Amino acid sequence: MSLSNVAEVSPRPTAEPFRLRRTFAIISHPDAGKTTLTERLLAAAGAIQQAGAVRGKAGTRSTRSDWMEMEQQRGISITSSVMTFDYDGLTLNLLDTPGHSDFSEDTYRTLTAVDAAIMVIDAAKGIESQTLKLFEVCRLRDIPIITFINKIDREGQSPLDLIDEIQGKLALDLTPVLWPIGQGVDFGGYIDLVEKRVLNPQGKTIAEYDQLEDLLDNEELIDNPVFMTALETLEMAQAMLPEFDLKTFHEGHLSPVLFGSALKGISVAELLRTLGDWGPEPRPQPALPAPIPPSDKKVTGFVFKVQANMDANHRDRIAFVRLCSGKFERGMRLKNVRSGKDMAVSNPMFFFGNNRELAEEAVAGDIVGIPNHGTLSVGDTLTEGANINVTGIPNFAPEIIRRVRLTDHMKTKQMSKALSDLAEEGVTQVFRRMVGADWIVGVVGQLQLEVLSARVAKEYGVPITFESLGFEVARWVESDDPDELKRFIAAQKVNMAEDRTGAPVFLAQNAWWADRAKQDWPKIRFLTTKERH
Ligand code: G4P
C-alpha cells in the first residue's frame, strides 16, 4: 500500500499576474483561534514587518483586523476588513469575517468575494455551530476549504475521531497533509506528508523518508511509543481517506487537513505553503448574462461591502470591491451598472487592517477600497461599460423587526441619513411601511441592533431606541402574475412594507401567519433571500 497519498507541488505559473493571487477567508466558531492564526499567518509571511506602521502603533494586538471601539470592548469582530500581503512571490488577500453569529449577513457577503477558505477547528470541540453555518455558505459556492485543526498543544479529541466527525457532519472528504505525533503534553512533532519528513515540535526536521515505511528503520523514532501510535493511526487514516487531488479540492469536495497550534506557531508555515501551492487562483465570477473569467481583458468588479466612518478623523465611506477580471489602473473610469453612471476611480486603496495605501494597479482576485459618498452600494457591479451583473450576493430576511424611535424629533433628517447609510453598508435593512410613515429596521441578530444604535449615536449624533411592532417574519414577495401581486399587496396593505429598493415585503406576526398567507396565495412566492440588485 502506498502511504504517500498527496500530490507533488506544481510549479508556480508566472504568465498572468492574476494567477498569483490567493484571495481567502478564515472561517471558524468564536474562540477556535482565528485571531491568533491570522496574526501567525501574517508573521510567518513577514507581513507584520511589511506593515511597520501597524506594528509600531499599538503592539501585537494591532495586527488584529478588528478596530472598532465596540469590538475592542466586547472582544468580538464586527466589521470585515482586508489584509493584503506578499508571500513567496504571491499576493495574498485575507478577508476577515466577523466571528459572531449575529453578523452572518456581512459574513455571507464577504464569502462571495473569496476563492478559498481556511476552516479553523478547535481540536477539543470539533465542529461547532458557527463553523457549520459558515461551511454551508462555502458549500453553496463550492469554495475550496483547507482544514486547520487547532490547539493540538492541548488535550483534545483524537485525530481519527476529529476526521470522522468532520466528514460525518459536513459530508466533506478530507485528506491529511500534516499528521500530529501525540497531542497535549505528549505532543512530539508532526509528519509532513508533502515534503516527506518528520519534524520536532519546534519545526526542525528530524527524519526524512521516501515511503512512510522507511521510518520504521529509524531506531530513535520506533523507540518512541507516541510516534508509533501516530504512524499507526496515520496508516489507518490513509487507508480510509481518498488521495489528495487538486481538481477535487478546487471543486470544493476534498479538504486537505493540517493539525497544528496557532498559539505555538505549529504548522502555520505549512498552512501558508498549502494555500500558496494548492490554493485556487481567482475563479470565474457568477454573473449575468454570463460568468466572468478572470482572464477577461476588460475590468469588472463588484462591491461586497461598504464601510462608513472607518476612520473617525476622515468620516469616510469605503466600498470594498473584489476585482473579477482585467487590469485595473488608478484613475480609470468605471461604470456602475446599477445606476448607469460613470465614475473616475482616482483614490483606490489597498488595505492592511485599518492602514491603507493608494492602489496603482490591481487584477482579478484583488480587493480595492473605493472612497465614495454614497454612489456605491453592496452588490453593485463595476465595468468598463459592459452591462454585466454579478450574481449571488444575498440579502437575508430579517429575523428581528423593530420600529425606530427617535428621542429628539429635531433630528429626523440625520436619522434618515444614518439609517440609509448603514443600510447601504449592510449593517441593517431598512423598510418603510406602506401604511403610515414608520421607519422599520430588520436585522438577523440582537447584537446587530446594539451595534446599530451605538453607531447611529456615535457617528451621527442621533440617539434612537427600538420598539416591537408585533411582526416576527419578513418575506419578499414576487409573482409571475403582476395582477395577482397587486391584489395581494392591496389585500395585505397593513402588513406590507417596501425595502430600500422599493421591493415589496410582507410582514407577518409569526411563522403561522406567514404559512397561512402562503397557502392562501399560491401564485405568490415568499422569499427569504433577495439578491441585492
Ligand atoms: P477567535 O479569534 O477564533 O475568537 O480566537 P482567538 O484567536 O482569540 O483565540 C481564543 C483563545 O484560544 C485565546 O485564549 C487564544 O490564546 C487561545 N488559542 C488560540 N490558538 C491556540 C492554540 O493553538 N493552543 C492553545 N492552547 N490556545 C490557543 P484566551 O485565553 O481566550 O485569550 P488570550 O488571553 O490568550 O488572548
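Any Cβ shown, glycine's included, is placed from N, Cα and C.
The domain 'Tr-type G' annotation in TrEMBL covers 19-283.
Residues or ranges marked as GTP binding site by TrEMBL: S28, H29, P30, D31, A32, G33, K34, T35, D96, T97, P98, G99, H100. There are 22 other CB atoms within 10 A of the CB of D96 (GTP binding site), with all protein chains counted.
Other Cβ atoms within 10 Å of the Cβ of S28 (GTP binding site) number 24 in total over all chains. Neighbour density around each Cβ, counted as other Cβ atoms within 10 Å, peaks among the binding-site residues P30, A32, K34 at A32.
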